[in-house]
Amino acid sequence: MIITPYLNRKITRPLKWILALIFLYLIYICLFSNNSKPPKPRKKPKLVENYTCPFARTEGTASENLFFHTNNGTDARILVILDSLFSRHGKTIIQILNSQKLQFKAEAVSKNLPVLTTSRRGRYSLIIIENYYKYLNMAQWNRQLLDKYCKEYRVPMFSFMSSKPNDQLKRIKIKGSSLWMWQNQRIQRLAVTPSIIHRISKIGNYRQFSSSDPADWILFETSEKFESVLSGTVKSGYERAVVVRDKGLEDGVERIIFGRNLTDFQVKITFLDALWWAMGNQKSFTLDRFVQVDIDDVFVGAQGTRIVEEDVRKLISTQKEFRNYVQNFTFMLGFSGSYFRNGDDLEDRGDEFLVENAEKFVWFPHMWRHNHAHEHNFTYLEAIMAQNKLFAQNMHLPVDYPYAIAPQHDGVFPVHEQLFRAWRKVWNVSVTATEEYPHFKPATARKGFIHAGIHVLPRQTCGLYTHTQLFDEYPEGFDKVQKSIEGGDLFFTILLNPISIFMTHQQNYAYDRLALYTFENLFRFIKCWTNIKLKWQDPLTSSQLYFQKFPDERTPLWTNPCTDPRHHAILPPSINCTKKSLPDLLIIGPQKTGSTALASFLSLHPNTSQNTPVPGSFEEVQFFGGQNYLKGVEWYMSNFPSSSTVTFEKSATYFDNPSAPKQAASLVPHAKIVIILQNPAQRAYSWFQHILAHEDPVAITAGSLEVILDSNSTSSKKVRQRCISGGRYVHHLTKWLEHFSLQQMIFVDSDELKMKPPTVLNSLSKWLDLPEFPFETYIRYSPSKGFHCRLLDGKTKCLGESKGRKYPEMPENLRRKLDKIFSLDNSALYKFLRKNRLKIPTWLEESVRIRA
């Protein structure tokens, strides 16, 4: 049966009319309504006069064969003696040394000089003293020692002098020298004078000073013994040295003395030149500087702030002009395809015109919708990258190089592993860049690293951000940018970095086009004042060059992401900063000294917790300096699930690993360090027995440690090194003390640990500020094992069979041979402990007494 509902014609007729009217309205909207976005009225870009070089000659004046200073057997390291570790000028010196990747040791001036030599060579190739007055008034013994070192090892000295405002004396003879100085001087001209020091500076260049500039310069009188490097001319017309080179003809010590601090850009360039004269060589020094300018988010921006067609035309023409300053210069354009044609009519046309001229630029991908990597997993990241790649293919964008940039550098550092995986899979990325490694500030300390096959280069800012579009609205005035260009931070960014990758945004190329002004004037100023050769090369070539120059940076240096607010903001959810997940204490060995027993006993304390056992590495984490380090911070944190008062790990491989101190200090700088001191002869013998039990083929073939010590074969030398290395205490301690203070360390006597473990544990727990705990109740000697074990629930729990292994006593002739090998090391350890008023183990007392 069919049921037909009752229809009232009075109801259906009006409904039909309403539907018809709606249909007609929709047709009208489609045909006649103007659906375009009205463009925001654009003013013409403000014209600002470009920098003009005051010299007709702009070609370089550097010598083809530069002279470099040579030392007599010294390490490539600098000793910096500062007025204070917190002085502003001292920090500037340190930042320059960091930027040049130079190894240095910085100390505040004190009564005692640091040790200047090892048993075989000098520790430093250059001495920098921030305050020359402090050097002149140094205790006679210290100054004689310093001068003797500089003379014997041909080590130059740099130092700075400043005027004393209230001193009435103008002309003063420098103490112990024939050099005369003038203080509180006002100069009219500062000029670069001929000298073997200059590399970057253009000889003959000068700049004028006004009569209102302060009279606070120090000038030096020159002679055959003292050469001017940078000169200042006073009102009377006399030309004297602002920077003087003492040739060492009086006392055998070469010095470069600066009469001005590094706030003046010409003085700063001279300091940089002097550094390369003292520390460089023909192979390491170059005047080439590679510059890459990235335009990030070329389609991203609020309506009314984006580039239009005229801006694109100007971008193309300016790129050609820039090639007069920078060889092969090409802009790099980063894209998030979802935002294409997302502006008003003029801006949409700008996007279209940019794509029409895509072949004129180099393109690289961001994310499809400017996504933040740390918020997404691998599957999602892969999908949005694939969308962006499809967009690039459809628009015929030439993505010619395996280079990508993550929006806001999110996921690069701290590393988001899933971003790296997705990059490799979708784009086959092998190069990226970030401003966040190891930290955003200071910029001079930024570095590169390689992770998961991707080369990460340091990235630089230029003072331009998405909101900086107009000269008149620049925060703090556009004078700030001009100062940065003309001898300021931006200028020195290029001078200090062999490769500079600058981050800009498309908004910086709209309206007043601040980016074009900034870089044109930067290039002009560099060409005017320096011999630097500016070049562009693709990012893949740059990455290869960077890590060829700085191979030590290949392995990343992990930091605690929870202590840097910028890093904390871009952490993946898997890292929880509210939970303590890094150790407070490291038991670093060395191996075969009882470190496993110490860790086992310390874990008895209810307020301590040890890392979870790690398979394949004798339950040790073996993170710092080992293969596990490449697994990253998140993996390391995952080994410390507890949040006890004191969390610790024991990895006996750390002590003599050359990379461990620096890596540990970077991640856990406030950790306390436990070092166990055992007679190195006994330790070497124990280690040999250990590898013999583990069937090391070289040890088995040799049969005894004595044979290993006498053999000259390569394989035997490696085993010998493994046996001997851990017992060279002061040699390795020196490296740990470069990164940790002595107050962070405690030394445990291995013999005392073996005989009286509760005493050692009580002392250790007190040092760690732990509540008292009756260790003697939970530690018992096991006659069958021959060592102490833990007592839990009335039962002894001893270490495994590999611990406390019984083996024949060491032959007396072998002991004598090992004692001789370690005699100098033992003597150094004795002096170190005595100097620092630390307890000296009985075995060490006897060793030194027998040797005496």
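Just so it is clear, glycine is given a Cβ too, placed from its N, Cα and C backbone atoms.
These numbers come from a predicted model, not from an experiment.
Mapped onto three states, the DSSP output places LYS592 (active site, for sulfotransferase activity) in coil. Within the same chain, the residues at least 6 positions away from LYS592 (active site, for sulfotransferase activity) whose Cβ sits under 8 Å from its Cβ are ALA652, GLN678, ARG683, SER686, TRP687, HIS690, GLY726, listed in sequence order. Per Swiss-Prot, the feature active site, for sulfotransferase activity maps to LYS592.
Residue environment of CYS798 (disulfide bond) contains 18 other Cβ atoms, counted within 10 Å of its Cβ in all protein chains. Per Swiss-Prot, the feature disulfide bond maps to CYS789-CYS798.
Here Swiss-Prot flags 34-574 as region 'Heparan sulfate N-deacetylase 1'. Confidence annotation: the region 'Heparan sulfate N-deacetylase 1' (34-574) carries a mean pLDDT of 95 in the model.
Taken from Swiss-Prot, the feature transmembrane segment covers 14-34, and the record attributes it to sequence analysis.
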Chain-internal residues near CYS789 (disulfide bond), provided their CB is under 8 angstroms and they sit 6+ positions away: ILE779, ARG780, TYR781, SER782, THR796, LYS797, CYS798, LEU799
